Amino acid sequence: MEQQSPPSSSTTTTTTSTTPFLPQHHPWWRRHFHMKNSLSSELSGAVGDLGTFIPIVLTLTLVSHLDLSTTLIFTALYNITTGLLFHIPMPVQPMKSIAAVAVSETPHLTTSQIATAGASTAAVLFLLGATGLMSTLYRLLPLPVVRGIQLSQGLSFAFSAIKYIRYNQDFVASKATAPRAWLGLDGLVVALSSLLFLVIFTGSGDHYDRNESDEDQPRRRNSKRLRILGSIPAALIVFLLGLVLCFIRDPSIFGDIKFGPSKIGFLSITWNDWKVGFLKGAVPQIPLSVLNSVIAVCKLSGDLFPDRELSAAKVSVSVGVMNLVGCWFGAMPVCHGAGGLAGQYRFGARSGWSVVYLGIGKLVIGLVFGNSFVRILNQFPIGILGVLLLFAGIELAMASRDMNSKEESFVMLVCAAVSLTGSSAALGFVCGILLFLLLKLRKMEYSGSAPGFSKFKFESTVDAETSSIP
């Protein structure tokens, strides 16, 4: 009987070498819930949207008697849920138009009227998302118009940030009071030092992910130095500095803190509250939420995370569900803002875990400190908030840098200019759409082949002379 010869070395080598190419099956939770960046970067990115969150929450708490504890608890739950569902640093931001109307109207809108404004807006967005109309709108909107809205929103944030840095702010009166002093715990030196610190440690916003190898960089030493700088949670350090300065500016805060959340209950809402909330709050908020909270957020998510672009229908339904649940209890009306997403990405957030950590922090604060936390926020250095808001605004505005032709840039800039000067994203959107259609009609050539018969033929190419930039 013949003996079987042992397998040859070549066979063994072949078997071993092919093993790494076998499909790797990872658990679903590992594919969807692992962090895309280092823990320090995710924590730093978590505070990237607080430059807009804190001023609006503080204003509504002081002016309209918003229940801060309830708002913190509900927004914490929103952060945790959306972070786990969308797998990106999905922000939870105040509905800015409703907040502006609430504090500018005389008399100020009540908590019930603010709630009805948020619920009315949420109902419209929920219906648009559930019926698929929001997805249709998202597909049909021209990119230059969307970029114009993003550019105007980003520049608006940046302009507000500069005002926060340069001038003392009275959020109750919604105005600047006096030029900010150079010295002091909320002086220009503190704000500019924070700005310089963030520029040194975060640069222009290009973070080096932990999975990126040094061989991908042309200069290994420079790459290593930048990697070390980028691993430091600069934005988190600046925010914690602001919290420390709160207690130094007013030590009496220690005696005013009362532990425990406020009692959560249903609001008492009348028919007049619905009428006032819808007409004064929801009507101006609905177009802003459609454009900035859904369309712009989805487009920006595709820019920042090409493999995780959000669905317009899901985001629209998400905004609807959040407010249809929380507004009945007096929580602040919220949405998903493109500026918040840009700010969190700017400071290192690359996964949903970033906003999960933020939600856990809000939940702890809401449950432990309750409404007394407003005493701390009231002493937070506004200059530092301005610095955080500045970086968020610039990051959002830079999303418009992909306009390659003169025609696209023209539509985008007109849309942005009208939105900024008219203080209305809806007005800028309408002007941008009309301009886009007018330019397309201009490129249609007329031809008639027989009497009584005519047709329009769309030019497939753009004239090189009109599209070239001198």
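Each Cβ is built from the backbone N, Cα and C atoms, and glycine gets one as well.
Here's what TrEMBL has on this protein:
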- 1-20: compositional bias 'Low complexity' (COMPBIAS)
- 1-22: region 'Disordered' (REGION)
- 43-62: transmembrane segment (TRANSMEM)
- 68-88: transmembrane segment (TRANSMEM)
- 114-138: transmembrane segment (TRANSMEM)
- 183-203: transmembrane segment (TRANSMEM)
- 228-248: transmembrane segment (TRANSMEM)
- 355-374: transmembrane segment (TRANSMEM)
- 380-398: transmembrane segment (TRANSMEM)
- 410-439: transmembrane segment (TRANSMEM)
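Residues 32-33, 57, 61, 261-262, 264, 301, 304-305, 308, 310, 314, 318, 322, 325-326, 329-332, 334, 336, 341, 351-356, 358-363, 365-367, 369-371, 373-374 of the same chain lie 6 or more positions beyond the ends of the transmembrane segment (68-88) yet place their CB under 8 Å from a CB of it. Sequence-remote contacts of a segment are chain residues at least 6 beyond its ends whose Cβ falls under 8 Å from one of its Cβ atoms, and for the transmembrane segment (355-374) they are 42-43, 46-47, 58, 61-62, 67-73, 75-80, 82-84, 89-92, 256-262, 344, 349.
Put simply, of 114-138, 183-203, 228-248, 380-398, the stretch with the most CB pairs closer than 8 A to the transmembrane segment (43-62) is 380-398. Only residues 6 or more beyond the boundaries of the transmembrane segment (228-248), in the same chain, are considered here, and those with a CB under 8 A from a CB of the stretch are 38, 40-41, 43-48, 50, 185-186, 190, 194, 197-198, 200-203, 207-208, 254, 347-348, 376-377, 379-381, 384-385, 387-388, 391. Between the transmembrane segment (183-203) and the transmembrane segment (114-138), fewer than three CB pairs separated by 6 or more residues in sequence fall under 8 Å, so the two stretches do not touch.
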